[in-house]
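In what follows, a single structure is set out as structure tokens and then discussed.
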Amino acid sequence: MMTEMDWKAAAEAKRLSVLNAIPKKWQIQAIPPVSEQRDVTGSYIHQFLTAHEIEITETDAAGIVEQTISRKWSAVEVTEAFCHRAALAHQLVNCLHEIFFDAAIEDAKQLDAYYAEHGKPSGPLHGLPVSLKDQFHVQGVETTMGYVGWIGTFQGKKGDPRSTTFESELVRELRSLGAVLYCKTSVPVTLMMGETANGIIGYTWNPRNRYLSSGGSSGGEGALIALRGSPGGFGTDIGGSIRVPAGFNYLYGLRPSSGRVPYEGAANSMDGQISILPVVGPLATTARSIVLLFKAILSQEPWNHDPLALEVPWRNEIVQQTQALIEESQRGVPALAFAIVHHNGHVRPHPPVARGLKLVEQTLKRLGHRIIEWNPPASDLADEIAMRVFCSDAGTDVRSHFDLSGERPTQKLFIGHEGDRHLNAMDLAALNVQKREYQKLYMEYWNSTVDQTGTGRPVDGFISPVAAHAAVIPGQFKYIGYTVFANVLDYTSVVLPVTHADKQIDIPRAPGDYLGEIDKQIQEDC
């Protein structure tokens, strides 16, 4: 094991290597303190970019592909623009673990040469830069997942020939689609955290307010895309890790059900734990970009390469059916029915979140959709199941990776701890039965809403907060109850950006009348 001095030196060397990978022409000479410049989006970051770079990087992923496929923009000019903006983003908010701009530009040159020779794009994502959470292995660069002990290894294994040579299945598919990979984004050490911080690059800040968090565990993705240093990327989610960063950074994010996007060959915490499966999903600035990325991956038939991927292709007939129902609603026929979760009975959302829910409800009603009450099985049971799963090994897995270097976490982690009970096979079997019974209860409740909707179908979906609050002050993320229930149920969840906190409008509630201790803590944080 390293001494504290050793692991801190190794972490600092790795941190500096990332900064040194930024070309000198893109290095910011002086970054103002947060007290002088909270928000580094928009006009602040624009000062370092050309007008054409701004045009490219503020076009969404779907729009970029339209330009590259029509040859109006080359893959090289798009890649260089996003490499530049990603470099700026990292210097401002600490959002990158790996930078491989030179390799990306070479790949982009090959894509342009392919188009010139064959007269057609290389795939549906031709020339599109895509960022990746630092769980995905990419040839030529490391995967540390925030662990100091993983530096110079393959997932902590020294001398493993897969180090910097192996590629994850998602990476292979993105390359086949014509995407350009250029950076990997920051994660909290262990991944099991609603903020992003580790001993290598430090804390990943929220670009709109650098006093606040970018969320976690895909917080580097959230921060980078919020700064338009990426048009879209892929994160992972086992308890809210795509959805929380999407919510904190005003982005779209998709947590698909398990088995849709390949996880094969990605690094993970508690690898082999299958009671609650982690999933891979996209984050982007627009809904159509989420569709583009998700649909493109499914076109690669990941079920032929990942044994856990399901043979479920993109089903355009469902899209067409939904569009037809929306058209009916415009003629005054109640077409779609939704429920609104104003609070889950345990934690009340802060005023800006409550206001956002009301805006969504008003909009749905205005568009002719029906809103019903939502009183499902208690969400605290889902919280309990999830925490028992996350703590089932009493923290053995993550401690083994900390022990490689001797580092220790400094933030709240949703994992087990030494001294907790290590669940045996019978315990896990009973826990899986409890989860299945909860899933069945929820399914029966959902189906029972057919009597309330007036559409002849159960409710089409329900709207819930992503978290009880907007982006938090570092160290203040305490509650995953608004996201983790979907992981227990394995329900698809989509984050839609709605509004921003406004201290002139969103007045904190008067103290008292709390739903419980955790509600009291979170209301006081407001």
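Indices start at 1 and increase along the chain as displayed.
Yeah, the Cβs are placed from backbone N, Cα and C, and that goes for glycine too.
Curation does not apply to TrEMBL; its annotations are automatic.
Pulled from TrEMBL, these are the features on record:
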ACT_SITE  Lys133  active site, charge relay system
ACT_SITE  Ser217  active site, charge relay system
ACT_SITE  Ser241  active site, acyl-ester intermediate
BINDING   Leu191, Ser217, Ile238, Gly239, Gly240, Ser241  substrate binding site
DOMAIN    77-506  domain 'Amidase'
Near-site residues: substrate, ref Leu191, Ser217, Ile238, Gly239, Gly240, Ser241, CB cutoff 8 A to centroid:
Met192, Met193, Gly194, Gly216, Ser218, Thr236, Asp237, Ile242, Val244, Pro278, Phe414
For the domain 'Amidase' (77-506), would you mind checking the mean pLDDT of the predicted model?
96
Same chain only, sequence gap of 6 or more: which residues have a CB within under 8 Å of the CB of Gly239 (substrate binding site)?
Met192, Ile276, Ala386, Phe390, Phe414, Ile480, Thr483, Val484, Asn487
Gly240 (substrate binding site) to Ser217 (active site, charge relay system): how many Å between their Cα atoms?
8
Does Leu191 (substrate binding site) have same-chain partners at least 6 apart in sequence with Cβ under 8 Å from its own Cβ, and which are they?
Gln135, Met145, Gly216, Ser217, Thr236, Ile238, Ser241, Asn268, Ser269
Over all pairs in Leu191, Ser217, Ile238, Gly239, Gly240, Ser241, the listed substrate binding residues, work out the largest Cα-Cα distance in Å.
11
Which residues of the same chain, at least 6 positions away in sequence, have a Cβ lying under 8 Å from the Cβ of Lys133 (active site, charge relay system)?
Lys184, Thr185, Val187, Ser217, Ser218, Gly220, Glu221, Gly233, Phe234, Gly235, Thr236
